[in-house]
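> Grabbed the feature section from TrEMBL, which reads as follows:
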COMPBIAS  18-31  compositional bias 'Basic and acidic residues'
COMPBIAS  350-368  compositional bias 'Basic and acidic residues'
REGION    1-33  region 'Disordered'
REGION    349-368  region 'Disordered'
TRANSMEM  53-72  transmembrane segment
TRANSMEM  104-122  transmembrane segment
TRANSMEM  128-146  transmembrane segment
TRANSMEM  158-175  transmembrane segment
TRANSMEM  181-201  transmembrane segment
TRANSMEM  213-232  transmembrane segment
TRANSMEM  287-306  transmembrane segment
TRANSMEM  318-340  transmembrane segment
Amino acid sequence: MPRATPRRRAEPPSPAPPERREPREAGEARGPRAWWSRWSRGSAPQVSGRTKVTIAWVVVGIAVAALVAGMVPVGPGWLPGVGSVAVATTYTWALGARTGGRPLLTAAAALLVGVVALVSGSDVLRTGAAVLTCVVSAVLAVMATVPARRFWEAARECSFALFVAAIGGLATVGFEPRVALLRFEYVTLGLALVGVFLLVHRLGAGLHGLGRRGVVVVLLGTGVLAITLAYAELLRRYGTPGLVDSLLDVVRWSRDNLGAFPRPIETVLGVPALVWGCHMRARRRQGWWVCAFGVCATVPVANALANPSISLLECALSLIYGALVGLLLGYAVIRADLALTGPRGRRSRRAEEAAAGRPEPRRTDALL
């Protein structure tokens with residue numbers, strides 16, 4: 001009788017291979033503190049740069065619509081305040097992102113300041129929020145420019161900067177500040193100059209990176225600024241009645257026949273500095289020091305509506321006239337600069353213009 005085949009004992013199932021984890025990148029931290037650090041730097045959540053810029057422009061567009069509705073007036077009375085907070089928050093985020101800071105953290109701080117100013121109804125807080133909005137708008141308008149190889153490109157950058165500052169001007173007056181006009185203008189101009197020079201100090205490689213040419217430019221711009229402000233102040237306090245009346249007659253004639261009179265500091269210093277600075281930045285990084293004086297154009301635009309004695313149309317015409325005259329002065333300065341330091345001959349100038357292209361981040365990328 002055949003012997004039965006012995007049964008084979010079942011083998012135990014093999015254990016599953018251990019789950020492999022991706023190695024953590026060097027320097028990557030975990031935990032709530034690390035998450036907050038990444039969030040405040042704007043690196044979380046991950047959103048493309050184009051999407052962020054699109055969202056920012058959409059927010060600004062809606063805010064401008066709310067501000068215009070409040071000026072008409074149409075809609076509830078809280079629309080201008082909400083629009084001002086939206087513009088101030090978005091501009092603060094954009095300035096932080098452009099200068100390599102912590103955009104989400106600074107934007108949250110600006111949002112908190114704006115909301116507290118609106119909810120409290122305090123004139124002091126509203127005025128402080130208006131000053132913050134005006135200064136941030138003026139500095140962002142300069143920081144958002146890019147190098148320009150040709151004059152028409154520099155004129156385009158100047159127009160873009162004035163457009164950004166004009167939106168900031170609507171947001172500034174949307175807070176309904178209670179100000180002494182002359183003091184408000186001086187405070188916003190001084191704070192904007194301090195802020196932009198601190199940023200340019202990093203972009204222009206510090207004071208030691210100025211060189212002889214840069215030192216001359218900074219001293220010249222400072223001298224023009226000091227003379228303009230000192231002359232206006234001396235004329236206001238100690239000017240003879242005949243001289244003051246003759247100057248006021250020119251202003252009145254311009255307002256009666258042209259509709260407005262250009263702001264002197266914008267026309268003489270701010271717009272030419274922006275045009276020349278953007279043109280120089282395509283060739284030398286010292287052009288940032290020239291662009292810094294561009295806040296002398298963007299600040300008057302951002303605080304123009306704080307003057308209740310002039311209309312919106314007069315503000316717009318004053319901006320246009322100042323920009324046109326300033327562009328002519330900027331063109332003359334660029335031609336003089338190329339004549340003194342550039343190559344001789346039309347062909348050589350064309351070659352220099354084509355070769356000019358100092359690398360700089362795009363308008364929507366961080367400078368640092």
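Yeah, the Cβs are placed from backbone N, Cα and C, and that goes for glycine too.
Bear in mind that TrEMBL entries carry predicted annotations, made automatically and left uncurated.
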> With an 8 Å cut-off on Cβ pairs and a sequence gap of 6 or more, do the transmembrane segment (213-232) and the transmembrane segment (287-306) reach 3 or more such pairs?
yes
> Check the transmembrane segment (181-201) against each of 53-72, 104-122, 128-146, 158-175, 318-340 and return whichever range has the most CB pairs under 8 Å.
128-146
> Under 8 angstroms for C-beta pairs, at least 3 of them, ignoring pairs fewer than 6 apart in sequence. Is the transmembrane segment (128-146) in contact with the transmembrane segment (53-72) by that rule?
no
> Report, as numbers and ranges, which residues of the same chain sit near the transmembrane segment (53-72): CB under 8 Å and 6 or more residues beyond its ends.
79-80, 82-84, 86-87, 90, 93-94, 167, 170-171, 174, 312, 364
